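To start, the structure itself, in structure tokens.
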Amino acid sequence: MIELTIVLFQRIGLLLLMAFILTRIPRFRSLLDKDITLKTVIYHSLIFGLISIIGAHVGVVMIGNELIMQAWIINVAENEVLIGFSIVVVMIAGLLGGPFLGLGTGMVAGLYIIFLGGGGWVANSLINPLAGLLTGWAGQFFSDDRVMSPNKALFIGIFPPVLHMGLLLIMLPDQQIGVQIVNTIGIPLVVTNSIALTIFTMMIRLALNETEQEAALETNRALTIAEKALPLLSEEPGTMNARKMAKLLFKELDIAAISITNRTTVLSHVGLGDDHHQPGEPLKMRLSKKAVKDGRIQIAYHQSDIQCGVENCKLKTAIMVPIYRSGEVIGLINLYYRHSQQITAVEITLAKGLGTIISNQISGLEAEKMKKLLKEAKMRNLQAQINPHFLFNTFHLIHSLLRVDAEKARHILVQLSQFMRANLKIASESLVPLHKELEHLQAYLEIVQARFPDQISTSIHVDDYLLDIEIPPATLQPLVENSIQHGLSLSTSKGILTINITKTDNNVSIVLLDNGQGFEEKLLPILGKKPLHQNENKGNGIALYNINQRLISLLGEDSQLHIQNTDKGSMVQFILPYRNCKKIM
């Protein structure tokens, strides 16, 4: 019995090897990923069915309790019983692809066994679809893994050969011959089939683990390299930056050489051949030009593809990886090797992954840069906005003063020019020192005092050491203008406006107080949050909204405006970060 078991293992080993080789083909990955369709079932049923037919031909033939060994069984006589190994392949198909694939493979094997004939052809043909169907169902019931565990496979593999022996006992015309066959080959067949199924699942699981671990290591390697390259990608492009990048990649990838190019020229070359592969040279390789044009990775497997004019150049092969920015190829990373054998599937996958990650980072940085420019442009637009009514009223005031007080008109005109000049200047800056903001405000207040002499009193309280803190430009003047236009100018008593700038903990608090009419209570929750739908006389809240949006965008949510009414008028308050204000932009 031991000798028979060894013989059966030898025959089954060939089938296991063939089945394992099949699973390494990329098309068979759909079985492991459980992506089963009708087309998949038909295709793989034919493939596994072909292997199961081979399993039938390399089986053994029995006459009674006598075992006949043949290298390849061609036909089976009526007095002979075929004990094939097609059932092993059918069980493998069922475990990998489920009951339908197992059934399909079993039907192919069963139909072929009918043509082989023999005394037990009914049992032999029937066991194959039954084994495939039952193994597939059992595999789905007992395991949700991509590949069943070996222990479960061992358990499931016991039942199909037992069922096979039962069918032979029932369907063989001569019951005595059936008993002799089962006694002779029953136990060895159960042992070999179940262990074969176990060995196959172990082989698949080990191969998958190795592949996934290798992929994880290469992915981690690519991510690590990309992370180290990120600071260089943030810098302005140029030959110096390209050389830094080439040195980094050369160190991390452990290859013969590396070059970085733009669309037409070599920017940097590090490693072997740097004595004749010089920066500034035009792209020579046909494959490099093809990679730039088509945007797909190219591989030079032969030294002739590198097209180097130096006879003894040690660079034999290369991978050319296109780098994208916003969907357009901007250059290449060329990875050079000493031998073509070094360009493995792992190296190609790493090169592709590295190119994709670097391209995504470059595109992300470009998008972030454009977003920042758009944000800055929006801020400039908000900062440069001037209330047209203020200009019209000031021009009207100057026109009126020219008749009665030309000197005062000249003074107001000078203040207006300073105000306008400051307004244009701050449009180019994100943050300005507080003293410049106060100068801008003072120019505005000079004009206001001329318009409302002895009607409005303003005072500003600030410590000298706070004059250098930074503040978004055109913040105080619109707040003061809003207070005067919608509060103080409508008051019957003399208007008083006070600005207090004080340090509190790590912040600078700026508070504007006035004794005007205050804000409508229903508007307080939304002031500064969005523009209002008001008529021209009541205002639309654009000024407060613009200021609040700039404060939030530049300094964060903590610096937003807080607006409330007081017993004597209204109060507008916000804070500036004291220690970090110069590091915001």
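For all residues, glycine too, the Cβ spot is worked out from N, Cα and C.
Feature annotation from Swiss-Prot assigns domain 'Histidine kinase' to 362-580.
If you look up Swiss-Prot, you'll see H389 marked as phosphohistidine, on the strength of similarity to another entry.
As annotated by Swiss-Prot, transmembrane segment applies to 6-28 (among others), with the evidence given as sequence analysis.
The transmembrane segment feature in Swiss-Prot is assigned to 41-63 (among others).
Residues or ranges marked as transmembrane segment by Swiss-Prot on the basis of sequence analysis: 82-104 (among others).
Among the features that Swiss-Prot reports, transmembrane segment is placed at 111-133 (among others), with the record citing sequence analysis. Beyond the ends of the transmembrane segment (111-133), by six or more residues, the same chain brings 49, 52-53, 56, 61, 73, 75-82, 84, 86-87, 90-91, 93-94, 99, 101-105, 160, 163-164, 167-168, 170-173, 177, 181 to within a C-beta distance below 8 angstroms of the stretch.
If one looks beyond the transmembrane segment (153-172) by at least 6 residues along the same chain, the residues whose Cβ comes under 8 Å of a Cβ in the stretch are 81, 87, 90-91, 95, 119-120, 122-124, 126-127, 130-131, 134-135, 138-139, 142, 178-179, 181-182, 186, 189-190, 193-198, 200-201. The transmembrane segment annotation in Swiss-Prot covers 153-172 (among others).
Swiss-Prot lists 179-201 (among others) with the feature transmembrane segment, giving sequence analysis as the kind of evidence.
Long-range contacts of the transmembrane segment (82-104) within its own chain (CB-CB distance under 8 A, at least 6 residues past either end) are made by residues 8, 11-12, 15-16, 19, 23, 31-32, 34, 36, 40-42, 44-45, 48-49, 51-53, 55-62, 73, 76, 113, 116, 118, 120-121, 124, 127-129, 131-137, 139-140, 147-148, 153, 156-157, 160-161, 164, 181, 185, 189, 193, 196-197, 200-201.
Restricting the average to the domain 'Histidine kinase' (362-580) gives a pLDDT of 80.
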